[in-house]
Amino acid sequence: MQSTSKYNCDSDYIAGRNYNTKRTNGREELSTGLTNEETGVVNISDENNIFFKKNIDYVKGSRIGKYKLIKTLGKGSCAKVVQAEDCETGEYVAIKIIERTPKQLSDIRIYREALICSLFNHPHIIKLLDFFHTTEYFFLIFEYVDGQQLYDIILNKGYLDEDEARKYFRQIISAVDYSHRNSVVHRDLKIENILIDRNDNIKLIDFGLSNFYDADDLLGTFCGSLYFAAPELLLGTRYTGPEIDVWSLGVILYVMLVGKVPFDDENIHALQNKIKSCKFKFEKTISPEAQDLITNMILSSDARINLENVKKSKWTNLGYKNLTNNFMTLRKPIIEINKNILRALQAAMFFQFTDMERVLMQYLQICKGDKHSLEQTYWCKKPVVILYYLTMEKFNELNYKSIPIDIDTGMNTKSLIDITIEKQPIIIYNFVRFTNAKKNNNPYNLFFSRSVFEPEMEFLNMTKDVSLDSCNISEDENKKHNFPKIKQSIIKGLFKGIKIKNGDKDYVKNAIIKILLDLDITYEANEKSYFCSYSHSGVECHFKIDLYFNILLLEHYVVLNCLNRKKDNFKLVTELIKEKLEEIGDTSNYPENAI
């Protein structure tokens, strides 16, 4: 691959080149560097401490806890990665060493990476095995990958043929799809962060810039490598999350097939302007299908295709019978909250989510209502809910009640009030041990605890995925119930509502349902309101519709309330519905068989 002087390998993790799990006499050498089992603090000698500096190479005899260091695998701008041997098992691991800074934000990113990589269970995503810390360093112990970076493969070959690139790309989007479905956006996708193991399969690494995202909220942090960064990051606009990963995936595919980055310039400001323009050329002839896919991924955010369309594209599936497998389970509605799991998550995620119990209790009440309702699938995408599912999935169905590790081990109190930023590394250390306490060899995690999840629903007979796209509430199901109820009011709806000029309550409901069907808005009627989801041409919005009857004016009012922070999208949907209501007019213009 041709590269400019500015396009250098700067990964925090480099794959190892040699593979050997033969046990050495490391057990006899384990007399120093012992770990405090309650706090995760490793005792480091002054001599060994020198090695952990990013610019210092291997120092003979260095060790971290039970891990004997072998060699430096790579150095990045923020960390170094070393190969080490577990002196108890003889297995190799990769240890990411990050020097701690006074900035609290840097620590939070490390905590987040540790939590995500300890909870995720995907064949193409790197797994975190352990976590240690000192006052100066964090140590993230990952599984060891024998192989090389995708960067090195492209550099050696110049570019990849389309069949080879397609195989890697399908595995990459499988990993990214799994992340997105678990409400995590990577934000640093690039060829340096993709490893190819000795079996020619990929591993996605370095979740140091990742974050949880919510479709109802927006992110605003600039992250990642400039060459792979989406234009909205450079423009400083807020974003949901998955769309910036899709851009980066488009750049990765371009680099694999062409051998160059699509945007390049020695002047950083000129490079930024090129990226913002979204205009590039194909420097090498590739198939029309590949060109079409890349072109639709490297577009402005409002025109860019989503990951689902990438998965379904013609080029991605050439030669394959099925779409890529994201290795997601079908999650059942919960019927109770496991207090141990909740308490562990509250402690571990205290730096980001402070209302976990409230959110989970609200989700529990929704699950106790209609099974697989639109509202339940909507709430099931919330990061807090997903974190609960991910943690439960770490334990098999028989063992959740006897979870062996207390997340507060090493703390003087079990109260969340006692959690401080100083104690957070201890909590993260214990949480990683907590999630790895029960090893589960089943990569699919097919079954959940019958005591926590709905008992009467057998997994293998389930056909619905808990995604908003798969939940289509039929019109007949809604018409069976006389929902939502039209609430009588004097004030509500008068100022913010859309007035219905004529018609009784049946007419009003029929008009609303007709409009929702005409606009292809997925909806569900409950006792209080219509719960609605609209997604079209890049516009996505979740909202509810309440119906009121003013007892003084004898008029009906339709009130729309936005459920997320995408106000522009909500305004557009409101205008569409208002326009449709005006088109319908009074009852004389409304056909009796409209629905």
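Placement of Cβ uses the backbone N, Cα and C atoms for every residue, glycine included.
These features come from Swiss-Prot:
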type: ACT_SITE; residues: ASP188; note: active site, proton acceptor
type: BINDING; residues: LEU73, GLY74, LYS75, GLY76, SER77, CYS78, ALA79, LYS80, VAL81, LYS96; note: ATP binding site
type: DOMAIN; residues: 67-316; note: domain 'Protein kinase'
Distance, the residue listed as 'active site, proton acceptor' to ALA79 (ATP binding site) (CA atoms, angstrom): 15
Spatial separation of ASP188 (active site, proton acceptor) from SER77 (ATP binding site) - C-alpha basis, Å: 14
Pairwise CA distance, VAL81 (ATP binding site) versus the residue listed as 'active site, proton acceptor', rounded so that it is a whole Å: 17
Winner by Cβ contact number (other Cβ atoms within 10 Å) across the binding-site residues LEU73, VAL81: VAL81
Cβ atoms near LYS75 (ATP binding site) (within 10 Å, other residues, all chains): 20
Greatest inter-residue Cα distance in Å for the ATP-binding set LEU73, GLY74, LYS75, GLY76, SER77, CYS78, ALA79, LYS80, VAL81, LYS96: 14
Recorded positions listed as SER77, ALA79, ASP188, least Cβ neighbours within 10 Å: SER77
Length of the line joining the Cα atoms of ASP188 (active site, proton acceptor) and LEU73 (ATP binding site), in Å: 20
